[in-house]
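Notes follow once the structure below has been shown.
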Amino acid sequence: MRCDRLWRDARLATMAGNGLGIVEDGVVAASEGRILYAGPAADAPAFDPDRAETLDGRWITPGLIDCHTHLVHAGDRAREFELRLAGASYEEIARAGGGIVSTMRATRDADEARLVELALPRLDALIAEGATTVEVKSGYGLTVADELKMLRAARRLGEARPVGIRATLLGAHALPPEYAGDADGYVDLVCREMIPAAAREGLADAVDAFCEGIGFTPAQTQRVFDAARAAGLPVKLHAEQLSNLHGAKLAAEAGALSADHLEHLDADGIAAMARAGTVATLLPGAYYFVRETKLPPVDGLRAAGVPIAIATDCNPGTSPLSSLLLTMNMGATLFRLTVDECLAGVTRNAARALGLQAEIGTLEPGKSCDLAIWDIERPAELVYRIGFNPLHTRIWKGL
């Protein structure tokens with residue numbers, strides 16, 4: 001059987017099914033950017049490849065997926081980091097005009113080209129560790145023009161680098177100063193102008209919101225979900241990070257792809273997510289960076305069978321992190337996730353959190369040939385080692 005590329009003498013973690021899907025003597029064959037075969041060499045058809053590589057026992061996993069980032073932004077929040085170290089809370093900083101609003105000012109001042117220029121090094125850091133798909137949110141423009149500018153910048157990242165980009169409109173991220181005291185008026189803008197414009201221009205793959213005391217109420221979040229659904233866009237939600245407003249349950253009832261953060265998630269929210277198949281995206285970098293003490297209810301999520309993804313949450317204020325390898329280690333050490341859960345969290349469950357489970361996230365025939373090839377002895381090394389990048393080769397769409 002003819003194929004474009006063949007990788008042999010490899011060990012595979014296909015991530016298919018519920019475990020790692022380990023194959024000790026494996027082969028991956030691809031043609032036209034799609035996987036033809038991924039499995040035991042003994043069961044492989046007789047392939048006639050245009051290009052074959054012998055991997056000498058290296059491991060192949062699916063390309064890694066970062067399903068929650070805020071890569072596109074200008075400015076930094078190093079000064080706020082110092083304030084937090086001195087005892088100021090995230091809420092206190094936000095209410096004093098810092099936080100998201102300070103990044104908003106810098107992002108509004110930057111043009112699209114500058115935003116791309118600033119985001120590329122962050123994206124490159126993820127790519128260097130095997131990422132083949134990255135979600136990128138807006139949310140620092142908070143006007144129609146500036147949110148669309150951010151989404152265009154996100155699309156341009158995918159043109160500048162060999163990586164899949166999923167752009168998420170996060171217009172309901174914070175209340176801009178010009179709408180102080182009029183959150184409902186700002187939500188009107190998001191629902192009536194921002195979401196329709198992003199959908200009309202094909203700039204957004206999903207819509208997100210920040211349901212929190214310093215963000216938007218459940219009723220306002222529901223309006224955002226309704227507008228997204230009317231525009232034909234799936235939804236996601238920042239929920240239960242700082243308090244429990246029952247946002248995860250609201251998201252699940254709206255059929256959300258994922259609910260993210262979830263430190264304050266309760267049993268009702270877990271049950272709703274399990275019923276809906278909504279992915280729990282945990283963000284250990286933010287938990288670590290803002291020195292949270294309340295852990296997400298991992299045992300409850302496990303018991304209910306809720307799929308768990310993990311992501312960097314790369315952003316300037318609460319998780320200036322651009323390493324999925326470190327994120328996996330944090331997921332294990334801080335949240336007590338297993339190695340299998342961490343690896344699933346940046347592959348098959350991350351794909352599901354983006355609605356891409358039929359396309360990426362596992363090594364299976366018909367899926368995009370997105371691979372990460374590693375110089376390791378066992379998959380646990382990807383979670384165990386700190387400050388270590390054993391990536392040998394990254395393949396995106398067969399190239």
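Glycine is treated like the rest: Cβ placed from N, Cα and C.
As the structure is a computational prediction, the values presented were derived from the model and not from experiment.
Going by what Swiss-Prot states, the 4-imidazolone-5-propanoate site holds R77, H173, Q241, T318, and the candidate of Y37, Y140, Y186 recorded there is Y140.
Within D146, D313, D340, D370, the residue that Swiss-Prot lists together with H68, H70, H238 for binding Zn(2+) is D313.
Highest local Cβ density among the binding-site residues Q241, N315, T318 belongs to Q241, counted as other Cβ atoms within 10 Å over all protein chains shown.
All chains included, 22 other C-beta atoms sit within 10 angstroms of the C-beta of R77 (4-imidazolone-5-propanoate binding site). The residues near the Zn(2+) site, meaning same-chain residues not in H68, H70, H238, D313 whose C-beta sits within 8 angstroms of the mean position of the site's C-beta atoms, are T69, K137, D260, H261, L283, A286, A311, C314, N315, S319, in sequence order. On the backbone, the CA of G317 (N-formimidoyl-L-glutamate binding site) and the CA of Q241 (4-imidazolone-5-propanoate binding site) stand 14 Å apart.
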